[in-house]
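Undergrad: Attaching a single structure in structure tokens format; questions to follow.
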């Protein structure tokens, strides 16, 4: 019997949703950073096994929005819960169930798919705290299963995969065996550049940046020539992004080029231009130009 279905991964910001997706896929498709609210779009990735096909939706973390971009991210995440076959609800070991987790649980009550509670980052906590957290969440919702894992250490993730197959319905193969994502290359390129910016900039700047791929061409030798605009909200942020003697921007570019060459499996030449677009996160038309379509 072949099983297939759509699986959405939800949770508060920075609980490891993208890390888990990348681990299960064996490919780096979702942007990963230690800063919260890193994922901005629903990334759809496809994992095909001998008798199953899983289509993952990696969502932004659900949080209280502060601007139109934040509204887009929360709408995107809550919409993804609807009409799926299985939900993975990720959280971390904690002393109490937070408001963000309770908000997600309220959204889960409006859908019929089974929900697996995944307690991530157990390698960073004590067994006592892990047990306490599982007990706390078991009182909040009737989960189909509850499982502690470490996505970073690949601990217990094989068992999680078995549980996911168990709860998938019988269904067709929606995508070819060799297809691993439905997003375009340009989107992944933009996400890689944004990830490197996140890792090389101070806490104040990263969430005020966006990446727009202006050009992506492959020459006769197979080399990619890529030009991107790195968009920020303030002139002062532009100086921080460029850095002294351009060193910060050079580091973003060099680390992005290395990752892009691994992803594209070809040589890459990348040029990054820093542009100021004041309050772009509250500019609906600009947000849509940058690919954030689900604004209400």
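Sequential numbering from 1, following the chain as shown.
Note that Cβ sites are derived from N, Cα and C of the backbone, with glycine treated the same way.
The following feature annotations were taken from Swiss-Prot:
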type	residues	note
BINDING	11-18, 58-62, 120-123	GTP binding site
DOMAIN	201-278	domain 'KH type-2'
REGION	37-41	region 'G2'
REGION	58-61	region 'G3'
REGION	120-123	region 'G4'
Undergrad: Near the region 'G4' (120-123), which residues from the same chain, at least 6 beyond its ends, have a CB less than 8 A from one of its CBs?
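TA: For the region 'G4' (120-123), the sequence-distant neighbours (Cβ-Cβ under 8 Å, at least 6 residues beyond its ends) are 15-16, 19-20, 90-93, 130, 148-153, 155-156.
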Undergrad: Give the residue counts of the domain 'KH type-2' (201-278) per reduced DSSP state, in the order helix, strand, coil.
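TA: With helix first, then strand, then coil, the domain 'KH type-2' (201-278) has 32 helix, 27 strand, 19 coil.
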Undergrad: Specify the count of other C-beta atoms within 10 Å of the C-beta of residue 122 (GTP binding site).
TA: 22
Undergrad: Fewest neighbouring Cβ atoms within 10 Å: which of the binding-site residues 11, 14?
TA: 14
Undergrad: Determine, from DSSP, whether residue 11 (GTP binding site) sits in helix, strand or coil.
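TA: Reduced to three states, the DSSP call for residue 11 (GTP binding site) is strand.
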